[in-house]
């Protein structure tokens, strides 16, 4: 990919931090900015690139010395640019230069999106046999041994058995990375599994000062657990006899690509505050340096379980989007989490079409714990809490809203927030709390500190039947919104309500599954509604994977438990499932472009659950493309997709021109009237504001074996006419391309009504009798 347009502008990134530097007579506030200049203009050695960056800085600085001192990073492998400490005036002056695409602050608005899962992916393939996992069957490249996956996250715990290198051959000869030492991490911490490790902290320290080594290692070592969890999900070795704290989810742990090599890029660090263990932040300047190095090091796939908070940034000011564009140009597949802000619409993040954005859904495993109410009713909760109430006897039951201290706001009185419970009202009782504001495990800690005996954590209506499980610091369980309402009704009807909490056990083959997680962020795409996001869904609810032994299972202060494996939920957990699928495709098809790999994953996804019914949301409604994009991943199907929708760097630049007028590369000036964004040759299709009719063109490439003839089947969205021409495509050879047109027109339904102002969904599917190449179609009629 790239072609003549790769000869072009620089990508210049500047990092400024809320940091002040005194000059001769006065102090100018400094901050970290990223100044983006596009693609490298021809082949240059690193010294030339660095000299160009110094020259640009010198144009706004008073001296050569000041220009060099302000530079934090020089991006030189994929995108060309740098990060430096600048004043707002200096950044504005640089952004006015013709070679600069954009200059934007690196402000730390990014954060991580926080076993059985791979066996379940096998069930979603629609086949049941002796090896029903989502991984490839045994073979020379079954686990992607020659493929390198880069993980941008909070680091890694290298001693975990999930990262052993027994039986692995020498590291790939093309690997150019390093194993960077630091706190409690030496170059010998790497092996033939973890072949590289780096950490990036300059922008973080420019904002917060030196890393507090009580809460983080100033090295690639993971203090948090998140990075270890995601790395082992994508590429952890097969480890038998693994379970979470308390023996839950017992069995064999394995990543989706257990033979792939791992390269670690630590970019996320604790936010200073009362409990820095709880939340990490990641700065664009640090992440861009990591992406740039990862491309130079030779990674094939990047797994990025990180997203921005707040309003999504324009593509030219979105650090991950900028890095992903230049990585994709060089054939690197970048997979991102979609965020945990659902089920509210228009919350999905990581919105560029050149990255794969992942939603989260459940697997078919549960951790059931019966709750026996005093009126004889039995309700099934779920928990992985290792503690039991003594005596297996009834305990008094109280609703948190009836047991708060005076002055607690009424709208959160049922949520067990810190210091909200009155000890005299909860001592020795099972306390019923609701999810909502605050951390789930923190609610358990509040019950324990107030003297409560146990917690029942209930869902508000928005979370429906989705039950994330936690290793609480006291006995307890969690229940659906329907069940917590039944418990509250019982409490209100009884003068002395009681309950018995029975021990929990792990069960599998739970139906229906998968179900979309309510926390999973939803479409539409706020930046560009003519691109459907998320792209696919994968397991992200209650996923067991490796953990940092420096972090407790809850991360709470005072929780001193140490675990080797932990259960987590989030699109952070679903993202590495898709990254592993990309690794397997890279191994099987090393010559495919990143767009072809994304296409194969999307067009082979399924919208059905494992029982053959439609995939559902956790609130009981039927899910759709705004929830899961193209559907749930099927890795084995993706290996042989039949047809792919390919796209080049130039295609993406034209798309950016049409989408908000973003000029991402000065070597390709935006035409006066670029093709509309929906004309990008993308595996899904979204039309926003359909007024009358539009005709869209798509081109498919035959990647099957030899000749083939495909026919199309259309499912029209309600109130929309869809005509595909031609209706059949004949291919004489592998690699041949064919184009087709899709005419989409708003129609009047029965009685003359039209579906104005709402999204309606359908699909078009090409099949040759063996391959099924499905594209979702989402339309908003004006």
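Placement of Cβ uses the backbone N, Cα and C atoms for every residue, glycine included.
Sequence annotations record features per position, and here TrEMBL assigns active site, charge relay system to 153 (among others). Sequence-distant contacts of residue 153 (active site, charge relay system), defined as residues of its own chain at least six apart whose C-beta falls under 8 angstroms from its C-beta, comprise 112, 222, 226, 227, 230, 231, 264, 265, 266, 267, 268, 303, 304, 305, 306.
The annotation active site, charge relay system is assigned in TrEMBL to 226 (among others).
Other C-beta atoms found within 10 angstroms of the C-beta of residue 572 (active site, charge relay system) number 30, with every protein chain shown included. Residues or ranges marked as active site, charge relay system by TrEMBL: 572 (among others).
Taken from TrEMBL, the feature domain 'Inhibitor I9' covers 32-106.
The domain 'Peptidase S8/S53' annotation in TrEMBL covers 144-609.
Marked as domain 'PA' by TrEMBL: 396-487. Summarising model confidence by region, the domain 'PA' (396-487) averages a pLDDT of 94.
Residues or ranges marked as domain 'Subtilisin-like protease fibronectin type-III' by TrEMBL: 679-779.
According to TrEMBL, the signal peptide annotation covers 1-25.
Note on residue 226 (active site, charge relay system): other Cβ atoms within 10 Å of its Cβ, all shown chains, come to 29.
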